[in-house]
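Q: I'd like to ask you about the structure that follows.
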């Protein structure tokens, strides 16, 4: 959530920065904001006036009572006037509280302001390539045979989309045998790198969170259509009271970042570095017809998430560091990739600046997103009331950052396609071999003998 003081001081500048973002409608109803602000100022000025008058009259009452019977009549009149002022003050306080709630609701739908270093653009075409990497420095590998996509490669290894549809529906899949083992190996490898080499604390979190947690990280109220709501005690989530509604997590960023909700940290405790491997659940409400084949866009997928809670002075340094932590996974796996600086029109709701890592997929002959690393500055912290006690002993909002380290399913896609062989087998990347019993090659003939 934006700092309302910034809007009050320089509304025109805020509007100009917000207009560089992509949206089918205005992010901020400026007329409503100005109307509420005008009423708030009027009520506050009137309140201060009434409080001053009440204080003056209260002193008069004491002086009149000191006169005894001679001042009784006048004292009673002044007391009646004070009682009237009290009633008006209570009415004003109630309305002022309502206005604050209306302003807060208005701000909950406003995205973060782009950092000055973010390129201005309308959509993904405005994103800027920062750097690219490949094992030999010459770009993606050239194959001397016709490449297959991950569906054709993975199906003989145990990738089963038809069974996923049978069990649940479209955009769900089942993995069995070798492919399931490779998927697990990727997740374990990612966790080991993030915890053992990059210093993150591994966490296990609930896969279901409450509405307050979703609001804290910015998924609610604006993106409820993208979430899977859970039933509680036979009650439809939509019918449940707001704070009792439950949702499947779209990313473990939500529970991990909420660790510091309503917490005041000591400055010495910063940075807080957390990671978790969880399933993620997304309705993909706006993705009808896109990536309908394969694992690229699923309702359920696994991801290893990185979250850092940091001192505000360190957040942009940390953004570069976390991007490097995600890159390290791709480099260790030997997967060609590029780093993109997202433009204003392509950034997520809560981000001030975002880097996307895109991995090369030979069958698509293009790069596809596999990680997104974002600095949210104080945007989430303000919603969460996540603070630290600074050197002056005052409570100050932390900055929050999050990133994928990495999306496990898409990493599986990249390994299958980049390490495929002409006979349909897949060479196991050197970094993953300890996690698959030392196997160097996975092929259909090595499929586990499973009675299905």
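Cβ atoms here come from the backbone N, Cα and C positions, even for glycine.
According to Swiss-Prot, the record shows the following:
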type	residues	note
BINDING	251, 252, 253, 305, 404	L-serine binding site
BINDING	282, 283, 284, 369, 370, 371, 372	ATP binding site
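Can you tell me where each of these features sits in this structure?
A: The Cβ neighbour count for residue 404 (L-serine binding site), using a 10 Å radius over every protein chain in view, is 27.
Taken residue by residue with DSSP, residue 284 (ATP binding site) is part of neither helix nor strand, so it is coil.
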Q: Including all protein chains displayed, how many Cβ atoms other than that of residue 283 (ATP binding site) lie within 10 Å of its Cβ?
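A: A 10 Å sphere around the Cβ of residue 283 (ATP binding site) contains 17 other Cβ atoms.
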Q: Of all the binding-site residues given, 305, 369, 372, which has the fewest Cβ neighbours within 10 Å once its own Cβ is left out?
A: 369
Q: When DSSP is mapped onto helix/strand/coil, what comes out for residue 251 (L-serine binding site)?
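A: Residue 251 (L-serine binding site) sits in coil per DSSP, no helix or strand.
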Q: Under a three-state reduction of DSSP output, how is residue 370 (ATP binding site) classified: helix, strand, or coil?
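A: DSSP call for residue 370 (ATP binding site): strand.
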Q: Is any of the binding-site residues 251, 252, 253 within 10 Å of residue 372 (ATP binding site) (Cα-Cα), and if so, which, in sequence order?
A: none
